[in-house]
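Asker: Quick one: this structure, given as C-alpha cells, is what I'll be asking you about.
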Amino acid sequence: MVNVSITTDYSRMLFMRNTKSTLKIAIIGYGSQGRAHALNLRDSGFDIIVGLRPGGATEAKAQADGFTVQSPDQAAKHADLVAVLTPDMVQKKLYEEVLAPNIKQGACLLFAHGLNVHYSLITPRSDLDVVLVAPKGPGALVRREYEIGRGVPCIYAVHQDLSSHAEQLALTYAGGLGGARANIIKTTFKEETETDLFGEQAVLCGGVSSLVQAGFETLVEAGYQPEIAYYEVLHELKLIVDLFYEGGITRMLEFVSETAQYGDYVSGPRVIDRSTKERMKAVLKDIQDGTFTKHWIAEYQAGLPNYKKYKQADLEHPIEKVGKQLRAKMVWLNSEKTNDTTHPMSSKVV
C-alpha cells in the first residue's frame with residue numbers, strides 16, 4: 001500500500017474543489033466520530049445533513065450544533081454520499097431496513113470500519129459506490145486537530161466503484177476531515193478490518209489488559225501490597241505508552257534507566273516468547289476466517305450473556321477496587337477528565 005498526498009495531485013485537488021459545491025453528505029449517527037465528521041466537513045465547505053432517529057439522545061446535540069436533522073431514511077434520500085457512522089452491530093439492520101430502500105441510485109455509501117462489508121453482513125446495492133474512510137484517532141482529536149489547522153491521518157479503501165470516481169470521493173471526504181494535512185494511506189476493506197480487530201484483541205485491549213492483570217496478580221500473590229502492585233503494572237503504563245506514541249519503542253528505551261533497558265532485553269522475551277506469537281497467529285486466523293465475527297454475532301443475538309459475564313469479572317478483579325481507591329486521591333485526574341473527553345478507542349464509539 002502507498003501513502004497518498006492529495007495536495008500534490010492537481011486532478012484530485014480540482015475534483016475536491018468542484019465537488020464541494022455540489023456534494024450533499026448525510027452523516028448517519030452523531031457520536032464521537034459522527035459529530036467530528038459532520039463539523040469538519042461543514043467547515044470544509046460541504047453541505048451536511050445529519051440522519052438520526054427522531055427524539056433520540058443526540059438529536060438535540062446535532063441541532064444545537066446548527067445541523068439540519070432528518071430521519072435516516074429521509075437523509076439518505078437526499079444525499080449524494082451517505083456516511084454510516086453507527087456501531088457495528090446495528091449497521092446491518094440499518095442498511096437493510098432504512099438505507100438500502102432509500103439511498104439514491106449512483107450515490108456513495110461510506111463506512112468508517114469495514115467489518116460489515118468485509119464479512120458480507122452487508123451486501124451493498126450494485127448501483128452504489130462503496131468506500132471506507134477511517135481517521136486514525138478518536139472523534140474529539142479529529143475535531144481538535146482540525147480546529148487548530150492540523151489533521152489526523154486517515155486510511156481509505158474502495159469496495160465498489162460504479163462511478164469511476166469512488167477513490168476520488170473517498171479522498172475528498174478524507175481531505176474534508178483534515179486528513180490531507182497529515183497523511184492519507186490507501187488500504188482495503190479486508191486489511192482495515194482484520195488488522196483493526198487483531199490490534200484490539202491481541203495487543204491494545206485484550207493483550208494489554210490481560211498482561212496488566214497477570215502482573216498485578218503475580219506481585220500480590222508474592223506478598224507485595226496491592227497498592228504498590230497497581231502503581232508498578234498499571235498506573236505507570238501511561239508513561240511508557242506516551243513515549244511509544246511520541247517516537248516508538250526506541251524512544252521509550254532512551255528515556256528509561258539502563259537497568260530498565262537491560263530488564264527489557266533479558267526478561268521481556270521470557271514473558272512474550274515464540275509461543276505467544278503462535279497464539280497471536282491463532283487469534284489472527286480466527287479473525288481472517290470469520291470465526292471471531294461469527295461468534296460475536298451469535299453472542300450479540302443471544303443477548304450478550306458471556307459478554308456480560310466477562311465484563312462483570314473484570315469489574316470484580318481486585319485491581320479495580322485498588323485502582324478506584326488510589327485514583328480518588330489523584331486530584332489531577334479529575335481536571336483532566338473535565339478538560340479532555342478523548343478516549344483512544346472512542347474512534348469506534350459513534
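Glycine is treated like the rest: Cβ placed from N, Cα and C.
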Asker: Can you find which of GLY114, GLY137, GLY139, GLY149 Swiss-Prot lists as binding NADP(+) at the same site as TYR30, GLY31, SER32, GLN33, ARG53, THR58, ASP88, MET89, VAL90, GLN91?
Answerer: GLY139
Asker: Over the residue list TYR30, GLY31, SER32, GLN33, ARG53, THR58, ASP88, MET89, VAL90, GLN91, GLY139, recorded for NADP(+), what is the maximum interresidue Cα distance in Å?
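Answerer: Overall maximum Cα spacing for these binding residues reaches 21 Å.
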Asker: How big is the Cα-to-Cα gap, in Å, between ASP88 (NADP(+) binding site) and HIS113 (active site)?
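Answerer: Cα to Cα, ASP88 (NADP(+) binding site) and HIS113 (active site) are separated by 8 Å.
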Asker: Do you know offhand how many angstrom separate HIS113 (active site) and GLU232 (Mg(2+) 2 binding site) by C-alpha?
Answerer: 35
Asker: List the Cα distance (Å, whole number) between GLU200 (Mg(2+) 1 binding site) and TYR30 (NADP(+) binding site).
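Answerer: Distance (Cα to Cα, whole Å): 23 Å.
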